[in-house]
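Remarks on the structure that follows.
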Amino acid sequence: MFEWIKNLFGDPNERELNKLWPIVEEINDHYEELQDLTDDELRAKTDAFRAEIREAVADIEARQNEIREKLKRAPGLEGPVGGDGQVTEMEGEALSLDERDALYDEFDELEEEWQDVVEDTLWELLPEAFAVVKETCRRMLGETWMAGGSKIEWDMVPYDVQILGAIVLHQGRIAEMKTGEGKTLAAVMPLYLNALTGRGCQLVTVNDYLAERDTEWMGPIYEFHGLTVDCVNRYDPHTEGRKEAYEADITYGTNNEIGFDYLRDNSFVVRPEQLMQRGHHYAIIDEIDSVLIDEARTPLIISGPVPDQENDEYRELRDPVEQLVEAQRRLVRSFVKETRELLEEKEEAEEEGDSRRAQELEDEAGLSLFRASRGYPKNRQLQKLLNEPGMERLRQKTENFYLQENAKRMPFVDQELYFSVDEKKQTVEMTEKGQEYIAKIMDESEDLFVLPVVGDKIAEVEDEYQEKVDELEEALQEEDLSQEKRENKYMNDKRELEKELQETKREIYNTYSERAERVHAIEQLLKAFTLYERDTEYIVQEGKVQIVDEHTGRVMEGRRYSEGLHEALEAKEEVEIQNATQTYASVTLQNYFRMYDKLSGMTGTAETEAEEFNEIYDLDVVVVPTHEPVRRDDKDDLVFQTKREKYNAIVEKVKEYNKRGQPVLVGSASVEVSETISRTLEREGIPHNVLNAKQDRAKEEAQIVAEAGQKGSVTIATNMAGRGTDIQITDEVRELGGLAILGSERHESRRIDLQLRGRAGRQGDPGESQFYVSLEDDLMRLFGSDRVAKVMDSMGIEEGEVITHPWINKSIKRAQSKVEQNNFAIRKRQLEYDDVLNSQREVIYKRRREALTGERFHGQVLNMLYEYIEALVERHYGQGNIAGLREDLLRTLAFDLEMDREEFVQLGEDGVVDHVYDVATDYYRQKRANIAQPFHQTLRDLKQERGDDMIEQVFVDFTDGQDAIRAVADVDEALETNGEEINEALERTAMLQTIDEKWTDHLRELDELKEGIGLRSFGRKDPVVEYKMEAFDLFSDMMAEIGQEVVSLVFRAGPVVDDEVQTEGQGPRRRLSQRNAQTQHDSAQPDYSIDADGDGGGGQEGEAAERDPTVEEKQPVTVADEPGRNEYVTVRNNANGETTEMKWKYAKKKINQGGWSLVS
């Protein structure tokens, strides 16, 4: 349709290719010159390239090193301490926080400059570097090695089109290269070139087998030049092997594992040496459409169990909901029957010439038909009726009528139903009739299933509160009291009214929450029974509900539907309902891969999604021409009325192919369809292979798919099975017509259909493809019904007859286009929500990484201290409450403020803030000195004792009487800084521990917020805008809480006192026991409890693995028993150091409130 535009302005893709072909020619010129070099001379080219890159960025890196050294040598605001506890000067120049920030900004600008210079340099090196790779491939011809479990003989030298694709990949674009065109080899050239920067690059694949196979297959090419290559999927998380894989010049891995490692690094790692990844420099994503489009709506989530979470609601409601669904089925059958009867009466009225009565009867029949489709759209009797001439048009006409004027007539349609189903939007909503029915079944009040209008209730109690306040003011005016007493009484009485108001509000919210949970559970169960089918959306294996990926047909291991849907499916299938989980960390693949400095990808089908790639990822798609012309015969679709007719036709066609020995691959959209066709072929005695989610085995799958091109082979596979594996055919099969592809239905996305078609006709081989479609297929039923119904009616199609018509093919394409646009809109909307979380994630992960590595961490504690003091003073100053301020400072920061009311008023609010801050920092400096000096002395003694056998790290246990944490200090750093390293370690650990705890809670709050935010649209508010505002408020509160808790912990915490220094030979320390813990803030010489074991009892990787719920759980450590309720214990007041004895039941309350610790 747009050919005349292309003729006028030129094809933009051709224009891009025309720019690149001269570069390909230049590469080939270099290639000819390189053939005379020896192997060592060829290898030397790599060293020369690296040297050129180093030279180009030498000045930039020198300045960056200067900045690093300057920041490192600058003394801290707290200052290291000498042996006498006094602050000493370091060798470097002192820097203010503003000066530090300026240096950090300069460093960031230099980093951007580094990227630009390197890109320019790589572009200059590209022709010769790519030629080096091509020459290396030529020299490898005939060599053999193992790859993917099989011995392979190297027989590839890049074609010009592969070099063209490689240039596109280096430019940070998407190369669309058809199946069999050698994408794997094309990626080698840009990976080699970008690895020369020394910052590593990654190739991301879709499954473990391909990641490991491609590492082994392409590895010798890189290794010829001394580059290291590894695969992350070979190793378990948090292991040295996986860390080394990321340290390699070129790293292969799956999108899931690489994404999860990012989350692990930012969630469970507590020491810099435990970090796996080293940055996001350059990545090529293989099958990029699968990763960034198909999986875009499914975030990577690391989750753990929710404590004390019960799932009884789903069990209790399952049977009542199943009865409700059965009642709806009966109702829908009655609507179908009524429709037929009304249409028969209509025919009689028409025969009698009563056109008005006939129209009324048709309208009534349309309403019954529409109600049936709203009540249970997948009902078989309904589907059979809709396939009859004129029925789909009648349903569509009725739907259009009731959807007019913002669907104001829809309540009339749904009032006769127990619940309404919107299959397109995948929603189910219970009606008033349904609420009455389920309340009757459960013998409960109907009100328990109706959500109160919270806004109205809140407004009502707030009005009542305001009336009481007004009455209070009037009553006080009449009392004979002084102005001061009147104001005090007013404030006290008003405070009581406020408490009463808050309690009433809390009751309203609790009532809403309880009912909302129940209604939500019912709606999720209704979805499970009506919209989700076993062996289509999910399978049940080994007593578990497992999700089937609609795009690949594979089981999505470890994934669960959110918002209670998975629990509802487990209840429906009567398997064990797994405990609900809470999110510890999550990221969408969209946002993860947008972090890379440069990103590119390759696939056989990207052009149809070019708009989305450009809009969301800023990635252009370049279609690379094939090495040989495509000879595959893509036949028109065959359309049948019913699925049964379609499946029978597919089996007959398979028999026809099989009889003459031509291999055939049948693509299916679900497990159920693949097994239906398989059973029929078994009855016909035709041997075949089946690949679906129930046989999820990537390596065997790839082998079966690879053999699908052999003579007489019949393979049934769900969508995308074996993607990334070529189906090669023999000369004998070529003579038979090549591989035949039969699609059992059209997918929602044209791209998935093109991928299936692309399995045949690789590298100019013959082949053919054809899709079999029925009007009962979901795509046709939901999105192509109106136009198809008109065509059917006009053609008078009989049952069993194949439908072929240009309009049908256009309708299919139009239906697919509708779904693609809808899915794109959903992904964009999802991204709007996730962008909110992503911006918060970036802040929190940056703060966590800075605490972990010490980079830019200096001064954060004092910044948080100042903000916390500001908040405290603001809270108390307006009320003149100096006593409250002193109490809060003593409780949270463990020091007493000496200030009288006169000074409090005279200084003003800002003055009080500055004064309190000065007092706090003086106290904190002294506390740090009191901790550092004895720690330094202990280490010196230990070093003298051990000599050359001195360990690298020590572990010190701290407690504030309530929380216990373990700080890890570097011995050399501690000795160099006179023990100050232990204070830095305490701050780092406090920050990490608090961030992890608060971030997990914050994610749960965001999940809860997101669940109900869509309802805001009924109040004519944009849910995304509302989500952004409330999420920001929650995030601000969280950041304030993190600051307060970190400051409080580092101010109050002291080292655990012990009589012995534990060394390596004594084995790991027991877990901290608060029964034996003791804090000491002001002792000049506390006896340190140091664990000098080289790995702290758990190993560097083991410590992170223990925190990570995705790693197999280790045996827990036993903790000492808690004292009996009436057992007497000794506790210490942390503010003044005094000890006292009391019963544990009283002591426990004091310790939990803070400021007290258990001594014995």
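Note: Cβ is positioned from N, Cα and C throughout, glycine not excepted.
Database features (Swiss-Prot):
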type     : residues                                 : note
BINDING  : Q162, G180, E181, G182, K183, T184, D726 : ATP binding site
REGION   : 342-362                                  : region 'Disordered'
COMPBIAS : 344-353                                  : compositional bias 'Acidic residues'
REGION   : 1060-1134                                : region 'Disordered'
COMPBIAS : 1074-1083                                : compositional bias 'Polar residues'
COMPBIAS : 1104-1115                                : compositional bias 'Basic and acidic residues'
Legend entry - the region 'Disordered' (342-362), counted residue by residue under DSSP: helix, strand, coil: 18 helix, 0 strand, 3 coil
Legend entry - Maximum Cα-Cα separation in Å among residues Q162, G180, E181, G182, K183, T184, D726, which the record lists as binding ATP: 16
Inset, instruction - For the recorded ATP site formed by Q162, G180, E181, G182, K183, T184, D726, name the remaining residues of the chain with Cβ within 8 Å of the site's Cβ center, in chain order. - result: M177, T179, L185, A186
Inset, instruction - Please name the residue among the binding-site residues Q162, T184 whose C-beta has the most neighbouring C-beta atoms within 10 angstroms. - result: Q162
Inset, instruction - Just name the most isolated of the binding-site residues E181, D726, going by other Cβ atoms within 10 Å of its Cβ. - result: D726
Legend entry - K183 (ATP binding site) - helix vs strand vs coil (DSSP): helix
Legend entry - Sequence-distant neighbours of G182 (ATP binding site) in its chain (C-beta under 8 A, six or more apart): M156, P158, Y159, Q162, H627
Inset, instruction - Taking the Cβ of K183 (ATP binding site) as the reference point, list residues of the same chain whose Cβ is under 8 angstroms away and which are at least six residues distant in sequence. - result: G165, A175, M177, D286, M602, T603, G604
Inset, instruction - Have a look around G180 (ATP binding site) and count the other CB atoms within 10 A of its CB, chains all included. - result: 21
